[in-house]
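Visitor: These came from TrEMBL, pasted as-is:
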- 115-538: domain 'Major facilitator superfamily (MFS) profile' (DOMAIN)
- 112-132: transmembrane segment (TRANSMEM)
- 152-174: transmembrane segment (TRANSMEM)
- 208-229: transmembrane segment (TRANSMEM)
- 241-262: transmembrane segment (TRANSMEM)
- 268-290: transmembrane segment (TRANSMEM)
- 352-376: transmembrane segment (TRANSMEM)
- 416-436: transmembrane segment (TRANSMEM)
- 448-472: transmembrane segment (TRANSMEM)
- 484-504: transmembrane segment (TRANSMEM)
- 510-531: transmembrane segment (TRANSMEM)
Amino acid sequence: MRSIDGYKKKGLIKMQSSTYAAAVKGNVAFAFQRRTFFSNLHNRSATTTTGIRFSTGSTSKAMGAKLARAENGIHSLSSVKARSVRAQASSGGGDEEEAIPLRSEGKSSGTVLPFVGVACLGAILFGYHLGVVNGALEYLAKDLGIADNAVLQGWIVSSLLAGATVGSFTGGALADKFGRTRTFQLDAIPLAVGAFLCATAQSVQTMIVGRLLAGIGIGISSAIVPLYISEISPTEIRGALGSVNQLFICIGILAALIAGLPLAANPLWWRTMFGVAVIPSVLLAIGMAFSPESPRWLVQQGKLTQAEKAIKTLYGKEKVVELVRDLSTSGQGTSEPEAGWFDLFSSRYWKVVSVGAALFLFQQLAGINAVVYYSTAVFRSAGIQSDVAASALVGASNVFGTAVASSLMDKMGRKSLLLTSFGGMALSMLLLSLSFTWKALAAYSGTLAVVGTVLYVLSFSLGAGPVPALLLPEIFASRIRAKAVALSLGMHWISNFVIGLYFLSVVTKFGISSVYLGFAGVCVLAVMYIAGNVVETKGRSLEEIELALTSGA
């Protein structure tokens, strides 16, 4: 197995996407390891289930009881439960909120799947832009005359992450002001322009600007793709549709890997790799021109006629009268102004917001960047010499695990998947640590390290990857939803950058085995936190969840 020093001498660092992330080596001497980006993502911010621990001492069981009572007090919906809108209690100004459900009986003639598919173009672009530089960096560096300049290569890699941080914070505000579909169309501009500039760049400066714009685009996508999907999806399949976002991020990364295969025969192919991303960007803008706006947002804006059209498209004309009536009633009860950024830190909302932030922090501190960073060395120790083969195996494991998670999200529930995921990651990290140090296992160390790596990625993709992003739109009140999602994802990008900045320094000081053991400890802490603070919300509408969480605050 190649030593850590060997990696440092090569001056390479691997940018990998763990849920939306990329690892960056620090200070001015950024570097990049040629391997596939790997996403967990992410991204995903669509619809999961979680709760919070309240200062009054209530536990997750107590919150589960509140959710059950809330559900019993609200008529369940068969296909469009999630479309109801919360109203401020008319008794005035308190924190308790009423949820008026959108009752819907019988089979709907509408459909949400085509519009979820259009939104997932943003997820594909997310993964593709994260992964495309992995194979192209060596060739574009030679073409632009910076083959021996690791600093500038590092800036080309990390500028995407900087842009994503900016985009994630602005995405929520744009979605609140202009609506979800219009924000998608605006998002297509930096995505397309950034891809075009990268493909045609004749200087490093142009390349960095292009990557920065593309980063802003994927940052906005990380916020609005799961938000839009959660708000148009029926309750009973909201988890499955929400996890599709993460699946398409993984597919985007694999697509970037495949796109790089012709590079060996055609060194200028890297320009085509970047340029191809313009096509789905344009398709995203066109597709959103024909996609319905979120009925929830339309009602909040008082646009009832447009909300009626959106409901007809999504759920069928037979639901229009009933659902418009319920939405109008709830909309008339809303007396609070739109939430500002500082409202997220108020005592009313901070406990909920902190859950999303904590899970993203656990996600990053659990070691996904480290596992993927060292995956090539691990696979070489087992006799797999091809970096492409190693990256493909890790990528395939992520896609497979995410697909399984999508099918289980509305059956097992979000909390169960989180507990299973972090538990499996802890065991995998322990196996990886032992494979590096336990002399009794020396003869099998390479095989055990590969098994540990694959099991870790599978475990990660079952819950720690998709669920944190899924839960955000589900637990946040409609008044703060867009901004709270943007804030949580912004913190995700920042924590990912910081961890990437100092990761190699920590490995150098303590050794990779000790670092892996520390990651296992973080996973155990995550299991304890989830068990005590996260509650199951599968099968409940967004408003039922909101009512229960708010009434318990």
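Here the Cβ of each residue, glycine as well, is placed from N, Cα and C on the backbone.
Remember, TrEMBL labels are computer predictions, not curated facts.
Tell me what's around each of these sites.
Guide: Sequence-distant contacts of the transmembrane segment (416-436) (same chain, at least 6 residues past either end, Cβ-Cβ under 8 Å): 359, 362, 366-367, 371, 405, 408-409, 444-446, 448-449, 451-453, 455-456, 458-460, 462-465, 467, 512-514, 516-517, 519-520, 523-524, 526-527, 530-531, 534, 536.
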Visitor: Name the range, of those listed as 208-229, 241-262, 268-290, 352-376, that has the largest tally of Cβ pairs under 8 Å with the transmembrane segment (112-132).
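Guide: Most contacts with the transmembrane segment (112-132): 241-262.
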Visitor: Is the transmembrane segment (484-504) close to the transmembrane segment (241-262), in the sense of at least 3 CB pairs under 8 angstroms with a sequence gap of 6 or more?
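Guide: Answer no, regions not in contact.
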Visitor: Between the transmembrane segment (208-229) and the transmembrane segment (484-504), do 3 or more CB pairs sit under 8 angstroms, pairs being 6 or more residues apart?
Guide: yes
Visitor: Would you kindly list the residues that approach the transmembrane segment (208-229) from elsewhere in its chain, counting only those six or more residues past its ends and only Cβ-Cβ distances under 8 Å?
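Guide: Answer is 20, 41-47, 116, 119-120, 122-123, 125-126, 129-130, 133, 155-157, 159-172, 174-175, 180-181, 183-184, 186-191, 193-199, 201, 241-242, 244-245, 274, 277, 281, 294, 469-470, 472-473, 481-482, 485-486, 489, 492-493.
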Visitor: For the domain 'Major facilitator superfamily (MFS) profile' (115-538), what is the mean per-residue pLDDT, to the nearest integer?
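Guide: That region's mean pLDDT is 84.
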